[in-house]
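Before any comments, here is the structure.
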Amino acid sequence: MDLDFTPWEEEFRLRARAWLAAHVPRSPLPSLETEEGFAAHRAWEGELAADRWSVVAWPEEYGGQGVDLVSWLLFEEEYYAAGAPARVSQNGISLLAPTLFDHGTAEQRARVLPPMARGEVVWAQAWSEPEAGSDLASLRATARPVAGGWRLSGQKTWSSRAAFADRAFGLFRSGPRAERPHQGLTYVMFPLDAEGVTIRPIGRLDGKPAFAEVFLDDVFVPDEDVIGAPGDGWRIAMSTARAERGLTLRSPGRFLATADRLVRLWHAYGDPADTALRDRVADAVIGARAYQLFTWAGASRIRAGGTLGAESSLNKVFWSEYDIAVHEAALDLLGAEGELTGAEAGAAAPGTEGQGVGDRDAKAQDRGDRGAEGQGAGDQGAKGQGAEGQGAEGQGAEGGCGDPSAWTEGYVFSLAGPIYAGTNEIQRDIVAERLLGLPRGRR
């Protein structure tokens, strides 16, 4: 594993840091799981794209800078250290785009990727069905061939971003059920505003519609919206799944910044006599660093011409369970304030008036347990951003440990991590069989 960055990479990091310092919104954007917040995050994608920071690793012809995976990881570290907003286009950028680069046509890439990079078209996933989750190959939604295209019928569920997104991608059964259920599946892109599409939002624990059910009633899609050959969808989808579980969906920069913010929270709320909770905070810092090194090892392998196989499953198990643990530690530090949301939580954040928190901070200072002023794990300098990704706000209060509601919202969504992108039980089977060489378990 090579962690010696070139002069160009160091200069790239500094350019990214300077751009983010000048452009990151000074106040947190509304939750992207609201109509107002979704629009605000979409506009932020456009601002990133205007200077080619939206998709730095893409070729220039599609709106990127043409840098490699290592430089992308450097950008991600700077992005989250700057407290930048969550990426509303993540499904498209991290999942669909790699699939198009590997399996799409030149026409599809030219048509789909530039508006994706600018946030003009936001994509939802349409994988799971009521009876097809981890066992995705048992899906029942169909794609029926017709003149010039296909007719889609069936139901998808737990579709992330579908409540407000523009288009979706997913698998459909396009042929008679074969001896092997993985056969006869086709990978399709389709509009969510087409005739015959009905969206029914699904509220998570806090009521925000992070997911949705998608009902399709004889929805027409043209042939040019099929990725790869009809019937070859399973093989193509597996490349999407590897991207979802591997390096691109949860970059280490996100967790480094979250761990830093947790340390700041400990300085504001922690009791030095509570060594068990202190150790959990320390574990969060260590875990973020370990994940960073594991990811850099994978990037080094790819740079040397290798690929990630079952290691992507190991990655997925780690980040999904780490995400829960770090948010649980934060809520235990917050105590009752961790139950607040929205304006109530903002009023309770350290440094605000009317909640008596300033007295707590003063006592903490007197105890001498606050440590260096504002110092966090790895000097990330995070500005209190919340959990990134499918459902969290991405930013907390400016500076310090942030708005308690950002931790609460991040925790609510983190609970889904061990389930989506393939349940952790399935991922552990993959690790056992393909990495450790253990015998296949009974099914």
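Each residue's number is its place along the chain shown, starting with 1.
Using the three backbone atoms N, Cα and C, a Cβ is placed for every residue, glycine included.
Curation plays no part in TrEMBL annotations; they are all automatic predictions.
According to TrEMBL, the protein has these features:
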- 358-372: compositional bias 'Basic and acidic residues' (COMPBIAS)
- 373-402: compositional bias 'Gly residues' (COMPBIAS)
- 9-120: domain 'Acyl-CoA dehydrogenase/oxidase N-terminal' (DOMAIN)
- 124-219: domain 'Acyl-CoA oxidase/dehydrogenase middle' (DOMAIN)
- 231-342: domain 'Acyl-CoA dehydrogenase/oxidase C-terminal' (DOMAIN)
- 345-403: region 'Disordered' (REGION)
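Helix, strand and coil counts under DSSP for the domain 'Acyl-CoA oxidase/dehydrogenase middle' (124-219) come to 3 helix, 47 strand, 46 coil. Mean pLDDT across the domain 'Acyl-CoA dehydrogenase/oxidase N-terminal' (9-120) comes to 95 in this model.
The domain 'Acyl-CoA dehydrogenase/oxidase N-terminal' (9-120): residue composition by secondary structure is 73 helix, 0 strand, 39 coil, according to DSSP. DSSP assignment over the domain 'Acyl-CoA dehydrogenase/oxidase C-terminal' (231-342) gives 90 helix, 1 strand, 21 coil.
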